[in-house]
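The following features are taken from TrEMBL:
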ACT_SITE  321  active site
ACT_SITE  380  active site
ACT_SITE  403  active site
BINDING   443, 445, 492, 497  Ca(2+) binding site
DOMAIN    313-406  domain 'Transglutaminase-like'
REGION    1-29  region 'Disordered'
């Protein structure tokens, strides 16, 4: 019977002329492993019970036991054994009688996927020896007692990452006897940043605790003048998240044999995190319409997104850059690759990667939205993953940029990275992958160009300092901000910066020279633009200041345009137009105030409450044009979170979330979310409406399971108001 079964199976395999074995993409699929593998005809009286038999295998897989403690995997909510590669772990094998090394022979087998092969690293037989060699597969007996032996097993430092099946095989004169398939002995093997021979080795313990073991992070958003932050729950240790992350590699069809290589894993993950062209995890939406999905600003962490994708296998709606980056960070930390979330303020999305963002002005000095294709994002989030780069020259290992937000295609798919941060800083953008694109995101110049009637372009202004002027991540061991701009670029205007730019141009980054265009900067009048701190729902004031450094009197025809923009710098609507004539006295400054009324902007407001002001002034006497632009972000009210009762593991406690509606209108379709990694699975509650000035209160009762410092994160989402967050650190005591 089994013979015919297997031949039918063989006929169905999708073989082609090039490979003898079908592609091996799935960590979940299995092959049948025979319990008795005969060497020939079995003699009549053969009874397997006469030989050494395995009665039980004990994996030491509880969080408090030696394996998970020594391998820093005790936080995973997963009943199976989880270990890191290149480091010894222990198991105990119980036989039906004492083991006799002189006559008995047994070995271990680790298998992965449906077509295990030794040369692909998916079939690993391990003989028991006397000594363990660092970084190589091996096993030795460290303790014998009655019918039991305890083994120390070493895995290879280049071993595949994923879930292995374990068998114990015993040799008899007539054939091999194997243990039965038992999922309780499945073993997950992860990357090991604690092991010097691993490609992801990180030598600082505090950094390992932050970049691998911390399950909460901070997303910095807002803009350069007004940096805002919010917490994000990575939740890489939560139930089923490890399986969901392994499933992503199956979904991306990464061959099992390539899963020991962090470069390959990052590259395929940057494509599968977004849904463009491969039905990946998150569908992006930047148009403020989130029907049949969750608004990007409502998510408080990655767990809900990954679990929904793992069960539905369909893209989860919706995400924007920090959501892609948050989920990507969970994936990397979960597999053991050190990772951090980065925010680049004033990030260039340069459509043709020529290091030049062109803003075209019409005759009046207003931006021509039809001609202007490039955009400056208020901020853009991506990730850095830590690894060696044996595929590049020495010196380009360390932090690598990986970006899951779909912006441009790379080798035909929406993905980006890994690109060496060091290579970007020095302009060595010839090294794979996608370094020119990242270089342009942090190094472009903004050209304000006026189109003359005859088609010639006149450059009115060049801004060389705005793009990538601040690049940050969360500090190690705290919630503060760490400025890492100098890791991406030399100081603005330094000789090294020029040299890095020349190197990038030499390696093929397109840079148009200024000689191509006529450019005469305006020198004798400066214009500056400032905005008062603006609170959502209130009026606020903006001020335009001219400084006339010449001895002439001038008049300036000034035009202010206020636009409601997506955080990507794309305009939704113009809500304020204001023009006036300014008299500029010789050698003096003059300021002009303009009041922005809340009723002018409230009806069209987008979720990030972000404005973009564009001011142009023409000096009538000389025909010169001054241009300045600025992003302004409204202060959004926060949620208040407090706790009631004792904060003790195993005891019920309650959390109260409060919010007061500050707007001059009723909020409709309000949804609250609350989560706390390691304390509380995400809770959601719908509220129909909150009238103006009234306060909503929501009490949640739950029982925290583990002691320690934890963070509660809440978000509020409604039709008129989004990006409302609150958080609270709670210290759960031991019972």
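Heads up, the Cβ atoms here are built off N, Cα and C, so glycines get one too.
Whatever TrEMBL says is automated annotation, not expert-curated.
Structure with TrEMBL features highlighted.
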residue: 321; record: active site; Cβ within 10 Å: 27
residue: 380; record: active site; Cβ within 10 Å: 28
residue: 403; record: active site; Cβ within 10 Å: 30
residue: 443; record: Ca(2+) binding site; Cβ within 10 Å: 23
residue: 445; record: Ca(2+) binding site; Cβ within 10 Å: 20
residue: 492; record: Ca(2+) binding site; Cβ within 10 Å: 11
residue: 497; record: Ca(2+) binding site; Cβ within 10 Å: 16
Item to check | Alpha-carbon spacing, residue 492 (Ca(2+) binding site) to residue 380 (active site), which is rounded to whole Å | outcome: 20
Next on the checklist: Tell me the Cα distance separating residue 380 (active site) from residue 443 (Ca(2+) binding site), rounded to the nearest angstrom.
Outcome noted: 14
Item to check | Pairwise CA distance, residue 380 (active site) versus residue 321 (active site), rounded so that it is a whole Å | outcome: 6
Checklist entry - Other than 443, 445, 492, 497, which residues of the chain come within 8 Å of the Ca(2+) site, judged by Cβ distance to the Cβ centroid of those residues? => result 464, 465, 467, 468, 489, 493, 501
Next on the checklist: I need the nearest neighbour of residue 403 (active site) among the recorded positions 321, 445, 497, using C-alpha distances.
Outcome noted: 321
Checklist outcome for this item: Between the C-alpha atoms of residue 497 (Ca(2+) binding site) and residue 321 (active site), the distance in angstrom, to the nearest integer, is 28
Checklist entry - To the nearest whole angstrom, what is the C-alpha distance linking residue 321 (active site) and residue 445 (Ca(2+) binding site)? => result 23
Item to check | DSSP-assigned states of the domain 'Transglutaminase-like' (313-406) in counts, ordered helix, strand, coil | outcome: 15 helix, 41 strand, 38 coil
